[in-house]
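Structure first, then comments.
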Amino acid sequence: MHIHKYEKIWLGFGIFSLVLFLSIIGVTAFAFNHHPAGGMETIDPEKLEQTAPFDHPGVHQIDEDTYEVVIVAKTFGYDPPEIKVPAGKKIIFKVASADVSHSFSIVNTNVNMMVIPGQINTKEYTFDKPGQYLVICNEYCGTGHHFMKTSIEVIE
Amino acid sequence: MKQISIGDRKLALTNIVFAYIAFLIGTFCGLLQVFIRNDALTLPSWLDYYQVLTAHGVLLALIFTTYFIFGFLISGMSHSLGAFGPKVRLFSWIGFIITTAGTLLAIVEILAGRASVLYTFYAPLQASGWYYVGLALFVVGTWIYSFALIGHYVKWKKQHKKQLSPLFAFMTISTLILWLIACLGVVATVLFQFIPWAFGWVDTINVELSRSLFWYFGHPLVYFWLLPAYMAWYVIVPKIIGGRVFSDSLARLSFVLFILFSIPVGFHHQLTEPGISSFWKFLQTVLTFMVIIPSLMTAFSMFGTFEKTGRQKGATGLFGWFFKLPWKDVRFTSLFIAMFFFIPGGAGGIINASFQLNEVIHNTLWVVGHFHITVGTPVAMTFMGLTFWLIPYLTGRRLTKSIQKLAFIQVISWSTGMLLMSTSQHILGLLGAPRRTSYAGYMKDPTALEWFNGILSNHVTMAIGGTILFLSAMLLIYIVFNTLFFAPKATTEKEQVEFPMAESDLEQTPKYLENWWIWICIAFALIAFAYTIPLSEMIHHAPPGSSGYKTW
């Protein structure tokens, strides 16, 4: 196949940028463990109330530096209604849905989790600054979708 | 002047008219949305925001695009390969009837308030079973169309043994192959998951599996919109500017690469959800990025053609060709602006598909901004640019001076409106404002109120953009109406509108590029590689299924 000389240069540039982009993403993902929210655990969406840890939604301290926050998303709100966590500690968010698909997205952070019925989603995050953080549902879930919110209070 | 047969013209025109009916209603729904988000409009109690949103998505993203694409492909195939035989024509009409029956059924369900599930129809939101039947009929209808066009091509190949087909026909077949393979996912989920569940034959649905099958289809769907626009850029633009196709073989190769790399990438829409392990998400990120190669090839070919043609016309210097382009020809200017919007659009796409960057913008208004400058401008505006000459070409009417002037106003107002609206959507998305919501201040939450304080990032800018877009759409409808029924008939050869199809040199094009079986096999191998293990995980380690919910 005949390829114009300039096109070869251009394609070389294209392939080089492709390799560069992918290396950056790959290194941050697998060497620095920067993965988006996820998890492979499943759960019966209709039996959340009987299944640990979703039978006790809320903030649980695991050790000195780690907290687990268990959240149930359902139309159109989150359980527990109030979340208070310390700044500078590792927070493990665990969310599950009791009905349709939702999301648990903490504005101004990169915690952006889809909440799919039947699946448990997990994400680790450390808040640097204390303050009030708005949490919204950004996956369409019905007529009350634009009212679905909660907030997280991050204390010293 | 060569004009296509009257039967084929009728077929193409009917499709285009249907496309614009959907466009008219769809853009009106868009207008309502920007004012509801601005809190300037309250809908009557029988109409819900999410109903309007569903109609907007379905009418513009699915119905307008698909009908227009088939109208364009039918005209071009008849123009480049000759008139359709009676069988091809009959099956095209059957395809049209079934697609239309599906469309009407889906629209009725949306209007009746039984299907406010948006065009992504994520389970376990449960619309009425008939909505899913409508969607299934829609897809089946397009398959019949596709096979009719492929039949026309096969017949041509038999009559022209060992010859490469014209570039337009080659690209049409690539687009249809992509469409047929992509639809397998949505057909599987609708037939085997949604329909039995919505009619109550089974109690529950595997949600994660349905989402993955949807996105197996949902991403190549974007390329089904885009490839006909690329066809216009590769084949129509060179002719309008008075040149030839830059390189026939590269054009074909880029379309082949689109078939290979647009399907096994659906997980990049699911990066922030559980149920798919990081490895498979990353793998599909890699495959998604491959699409950079044919996109850059296309960009090169376009500018290569511009420069080559410019130099033939006597342009000198590095950028002299720029001034030799026919800026006063709306058929060209519209397509050029459309291509220009694709530069930020494509860059934004790379951000969306990036493994971790996605969490910053996933499901925010950024995504809405993104597809308004990819589908809403490069694709839709290319279709508009084609409409200006395609309808007069099919009706045998003249493209008058006054219509050309209106067309310029239409194109410029569309770009202005889109620039305002999508820029504010991109910024709001970065700040964290969600997509797909009615007016929301989240009970006057200070963070939410702050989003809308910027000069560009406020609801007024979005509403102004949306209003300009709607006015522009109305102007387009007028142009369509006028060229369909009122513009004077072309009487002389000179007045007749042509189908501008550029010549391409076939001498250096390798034969294997048109050996479809090779590409179909590689495409399926890639799909099997990217999907077999994660999908079988979803089936074998499935959570208890979900029953249906109607939350609207």
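Glycine is treated like the rest: Cβ placed from N, Cα and C.
Annotation source TrEMBL lists domain 'Cytochrome oxidase subunit I profile' at B:1-513.
Positions annotated as transmembrane segment by TrEMBL: B:12-36 (among others).
Long-range contacts of the transmembrane segment (B:56-78) within its own chain (CB-CB distance under 8 A, at least 6 residues past either end) are made by residues 4-5, 8-9, 11-16, 18-20, 22-23, 25-27, 29-30, 33, 84, 92, 95-96, 99, 103, 106-107, 110, 118-120, 138, 142, 145, 149, 152-153, 168-169, 172, 175-176, 224-225, 228, 231-232, 375-376, 379-380, 383, 386-387, 390, 393-394, 499, 501. What TrEMBL records for B:56-78 (among others) is transmembrane segment.
Through the fold, the transmembrane segment (B:90-111) approaches residues 11, 14-15, 18, 22, 51, 54-55, 58-59, 63, 66-67, 70, 74, 84, 127-128, 130-131, 133-149, 151 of its own chain, all at least 6 residues removed from its boundaries and within a Cβ separation under 8 Å. Residues annotated as transmembrane segment in TrEMBL: B:90-111 (among others).
Under the heading transmembrane segment, TrEMBL lists B:131-154 (among others). Long-range contacts of the transmembrane segment (B:131-154) within the same chain: residues 62, 66, 70, 73-74, 77, 81, 84-85, 87-89, 91-92, 94-110, 114-115, 117, 121, 165, 169, 172-173, 176, 179-180, 183, 186-187, 190-191, 194-195, 198, each at least 6 residues beyond the stretch ends and with a Cβ under 8 Å from a Cβ of the stretch.
The transmembrane segment feature in TrEMBL is assigned to B:166-195 (among others). Under 8 Å from some Cβ of the transmembrane segment (B:166-195) lie the Cβ atoms of residues 69, 73, 76-77, 79-81, 121, 123, 129, 132-133, 135-136, 139, 142-143, 146, 149-150, 153, 156, 205-206, 209-210, 213-218, 220-221, 223-224, 227-228, 230-231, 234-235, 245, 248, 251-252, 255-256, 258-259, 262-263, 266, 501, 504, 513-514, 516, 519-520, 523-524, 527, all in the same chain and six or more residues away from its ends.
The transmembrane segment annotation in TrEMBL covers B:215-237 (among others).
The transmembrane segment annotation in TrEMBL covers B:249-267 (among others).
The transmembrane segment annotation in TrEMBL covers B:279-303 (among others).
The annotation transmembrane segment is assigned in TrEMBL to B:332-351 (among others).
Annotation comment: TrEMBL describes B:371-394 (among others) as transmembrane segment. Outside the transmembrane segment (B:371-394) by six or more residues, the chain places 3-4, 9, 12-13, 16, 19, 60-61, 64-65, 68, 71-72, 75, 222, 225-226, 228-229, 232-233, 236, 330-331, 333-335, 337-339, 341-342, 344-346, 348-349, 403-404, 407, 410-411, 414-415, 418, 421-422, 425, 476, 479-480, 483-484, 487, 490, 497-500 with a CB less than 8 A from a CB of the stretch.
The transmembrane segment annotation in TrEMBL covers B:406-428 (among others).
Residues or ranges marked as transmembrane segment by TrEMBL: B:460-481 (among others). Note on the transmembrane segment (B:460-481): residues 16-17, 20, 23-24, 27-28, 30-31, 33-35, 37-38, 40, 384, 387-388, 391, 403, 406-407, 409-410, 413-414, 416-425 of its chain, located 6 or more positions outside it, place their CB under 8 angstroms from a CB of the stretch.
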What parts of the chain pack near the transmembrane segment (B:249-267), using Cβ distances under 8 Å and only residues at least 6 beyond its ends?
167, 170-171, 174-175, 177-178, 181-182, 185, 212, 214-220, 222-223, 227, 230, 234, 276, 280-281, 284-285, 287-288, 290-291, 293-294, 297-298, 301, 353, 504, 508-510, 513-514, 519-520, 522-523, 526-527, 529-531, 534
Most Cβ pairs under 8 Å with the transmembrane segment (B:215-237), selected from B:12-36, B:279-303, B:406-428:
B:279-303
Counting Cβ pairs closer than 8 Å to the transmembrane segment (B:332-351), the top stretch among B:12-36, B:279-303, B:406-428 is B:406-428
